[in-house]
Amino acid sequence: MISTRTFRWIYVGLWTLRICFALLGTGYIHPDEHMQNGEVTSGDLMPYHTIRTWEWSAVLPVRSIVPAFATTGIPVWFAKVLSKEHLIQGVHPILLFRLERSAFLLLSGLIDYSLMSLVPTPSARRLGLLLLASSHVMNTFQVRPFSNSIEAVLISLSLLFLRKIRSVKMLDKSYYIHLLAITFVTGIFTRPTFLIFGAPIAFQVALGTFIHARTVTRWLRLVVPPLFTAAGTCTAFLVADTLYFRGTLDDIVVTPFNFLMYNFASQNLAEHGVHPRWLHIFVNLPMLFGPWITWLAVRVIVDSATLFNKKNDKSFEVDVLHPTIIQMIILSLSVLSVQPHQEPRFLVPLLLPIIVLIANTGQLAHVGKTFWVSCSIFNFVLAVLFGILHQGGVVPSLFHLHPLVANASLGTRTNIIYWKTYMPPLHLLGVNERDVATGLVSFVDLAGASQDDFAASLSADDYDKIFLVTPVAMRYTLPPAITGCMELNQTIFPHLDLDHISESIDAGVLDGLRLGVYTLSRNCVFV
């Protein structure tokens, strides 16, 4: 059994690692980590040119602006107010980046806090915290501005409030039910999938309060006021979103409804990728939590019908929390697996419930050193992969280009081209919207365009300076007529491009893991 002192040293070390991954790790998991949050809030608060994806379309918005502003918008606003030069230059992109990460780093701590309250046995709590803090999910997804990360925090708080509701006196129950009502509405407006994860919690609250109240009248007195709180919170979200997207309250915007309507259309999901229905269970779940944790969770679920029902233990953990989490796992996997578009981050909210489930059964005390060593290696490798390597040069390339284009001289026209990379979050480039509107700075994201389309884009217009950002490996695939025009300005290491593995291997270990910022010769390209 691990001692308290040893636990503290390891736990502090894991938190130090989380801080480093949050503030220094420039790995790029998915464009949504920027486009669902920081790109929008920075575009509204700063004078920077940004990209608004389809999710923020004024015609059919599917994202509520409230969670984004509550997480990254507030710190950016404070930085803007405190900055002496914000009226001219705004906040530096590196500071924006670290403010966004710091906000979600702090939010991730609420998951740790929830686990402390949900696992009462000290020894099991310590092992559960170590398992949680060492997870690559906490070092990657949870410190990035994903809507899934907010959803995971809200699910953790909901389980915490469930415990409070089932354990405190009648007067205090009402207080925590009000908090749970606010949390549920916030979760639904953050991601409507919150309903799937939260449904077992709502059922247990309704059941537990009814049993405690004993009569329908007393039960209604207990639950009706929180329902009004939920309605008030919902109204606040509706008003905020409607004013944001419409500017008037004449046409109410209900973003959760728009989200569901969009995702129920198969042609819309096909645009984002169609996956086999078994992907969540057999690939995404083990990849997120590790095969060993997944196996332990499966064992608990399988044994629950016999092992735990035979016990006379009527504690909260066994009688309420245990079945609630099992219902949450089964329900969420079943419903989310029906949808053909399945990404690993959709299952991120299950991390805390699964670890709480395992920790409260006492299984972590008997797994042995092999389990902890293999879990540590697995999580460290994936943390480095997603937190540092994967598309890791995109964000630093924007930081590099910022001083080169942010103060463009009058009459100097600059074009920036990104090719064979993830979509660059332009708020981290820090180019003034005025410079883009006047044509001083132009930006082209070619994504995975063919070589012919890439070549055509080089002669599309006349610019004084042209920057090309692309993996160094892609340079070897270009004809001499183009490579002869490319002058290397900066290389950024590491940058792992999993979409072009063969080209990266052909380029060698060093060049295959670098992103290049090139200056294109104007005389050579424009003929």
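Each residue, glycine too, has its Cβ placed from N, Cα and C.
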Where TrEMBL places transmembrane segment among the ranges 174-190, 191-207: 174-190
Segment proximity, the transmembrane segment (220-240) to the transmembrane segment (9-29), 3 or more C-beta pairs under 8 Å: no
Of 141-162, 174-190, 371-389, whichever stretch has the most CB pairs under 8 A to the transmembrane segment (346-365): 141-162
Same-chain residues near the transmembrane segment (321-339), Cβ under 8 Å, at least 6 residues beyond its ends: 118, 159, 162-163, 193, 196-197, 199-201, 203-204, 263, 269, 277-281, 285, 297, 300-301, 304, 308, 346-347, 349-350, 353-354, 356-357, 360
Distal contacts, the transmembrane segment (371-389) - CB-CB under 8 A, six or more residues away: 17, 21, 25-27, 29, 131, 134-136, 139-141, 287, 290-293, 494-496, 513
